[in-house]
Amino acid sequence: MSLNSLDLPGKPEDTRVVVAMSGGVDSSVVAGILKREGYDVVGVTLQLYDHGAAVHRAGSCCAGQDIEDARRVSESLGIPHYVLDYEARFREAVIDPFANSYVSGETPIPCVSCNQTVKFADLLQTARDLGADALATGHYIRSRANGAHRALYRPVDTDRDQSYFLFATTQEQIDYLRFPLGHLPKAQVREIAEELGLTVAKKQDSQDICFVPQGKYSDIISRLKPEAANPGDIVHIDGRTLGRHDGIVHYTVGQRRGIGVATGEALYVVHLDAANARVIVGPREALETHKVFLRDVNWLGDTPIADLPKSGMEVFAKVRSTRPPRPAVLRHADGQTWVELVDGESGIAPGQACVLYSDDSNAARVFGGGFIGRSEREPQAEEMLRRLMANADKASAA
């Protein structure tokens, strides 16, 4: 049997596709394209949160005006549209873990958690319950057949590449998902929106952290976890106490501006000692990292990760969404998975993702990745930090 444009057997009119509609231009264009091609399209929007500042600010997602925009687009396309109340689930699976992670001194990525749980687990099951053959989204990433399964690849428009936030997508989910925008540049997507007469054609893109009003994540964390605003010491990696801070929630590893101390030297946040409410600072070279140990690894390569050779596997690693993939070696032994960064990286923090690719091109395959549990710096900085933390532990035990 021949395959349709979604690589599914059967004619488009016999193929039901649920489209995850956020109310933005990308997911609206996905619904419009599929409807134009003759598919049986059903729009679904998740109501994830509903607090005043986010509902009314421009660029939010999955609340207030966005839900209304998705409804209007669906009506103009002539497709059924459903709104599902996932507020409690979103808080449980995304917002609370986000706050907990920050309190523990990590730098979390809530978009990954949202994709991993709410969007690609709960919503996917809803799509199946609706009898859909596939769930389509407006993410900028590509998938195509790879033997009996499908594999993920970076999109044509690398400026919009969302593969970093999708590394935790499981093989089962990948096989069911479709990403119709992966082969299109953003400018063309907006042109298609104009052609389709969509009311959201000129709507601005949503923010990375959709549930944080005005981008001030410290406000929501302080409200959910007041201890994150507890004051503490700002300590140099060499052991000197330089000043005080008003909560580790206001700091992140790699930060230079707004540290709150003036010593005449360029200082960066190199570690957040959450247990002792300390912000550890030091020179830029103390941030240099060459090895990261991963947890919650989602491996999408063809060879089982446990079967990697002792010499490791040459890959390209991305440790921040805004940075390009860089040469690295992936290793796995004794139940541990780690990545050795050939050129080193600065500002790596626990809680961030390390995403793995076949190369650094826009056609690179996504091999999955994991969350950074810990990292190793240059030997001198690593020893100084180890000594500083050990002294704090002794003081706490005394």
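Residue numbering: from 1, along the chain as shown.
Note: Cβ is positioned from N, Cα and C throughout, glycine not excepted.
Straight from Swiss-Prot, the features:
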- C114: active site, nucleophile (ACT_SITE)
- C210: active site, cysteine persulfide intermediate (ACT_SITE)
- A20, M21, S22, G23, G24, V25, D26, S27, L46, G138: ATP binding site (BINDING)
- C114-C210: disulfide bond (DISULFID)
- H139: site 'Interaction with tRNA' (SITE)
- Q352: site 'Interaction with tRNA' (SITE)
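Structure coloured by features recorded in Swiss-Prot.
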residue : record                       : contacts (Cβ under 8 Å, 6+ apart)
A20     : ATP binding site             : S27, V44, T45, L46, K119, L123, L135, A136, T137, G138
D26     : ATP binding site             : G138, H139, Y140, L181, V189
C114    : active site, nucleophile     : L48, F90, A93, V94
Q352    : site 'Interaction with tRNA' : T107, I109, V319, R320, F371, I372
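Minimal Cβ crowding within 10 Å, among the recorded positions L46, C210, is found at C210. Cα to Cα, S22 (ATP binding site) and C210 (active site, cysteine persulfide intermediate) are separated by 11 Å. The 10 Å shell around the Cβ of S22 (ATP binding site) contains 25 further Cβ atoms across the protein chains shown. Minimal Cβ crowding within 10 Å, among the recorded positions G24, H139, is found at G24. For the pair C210 (active site, cysteine persulfide intermediate) and G24 (ATP binding site), the C-alpha distance works out to 12 angstrom. Under the DSSP three-state reduction, C114 (active site, nucleophile) is assigned to helix. DSSP assigns D26 (ATP binding site) to a helical segment in the three-state reduction.
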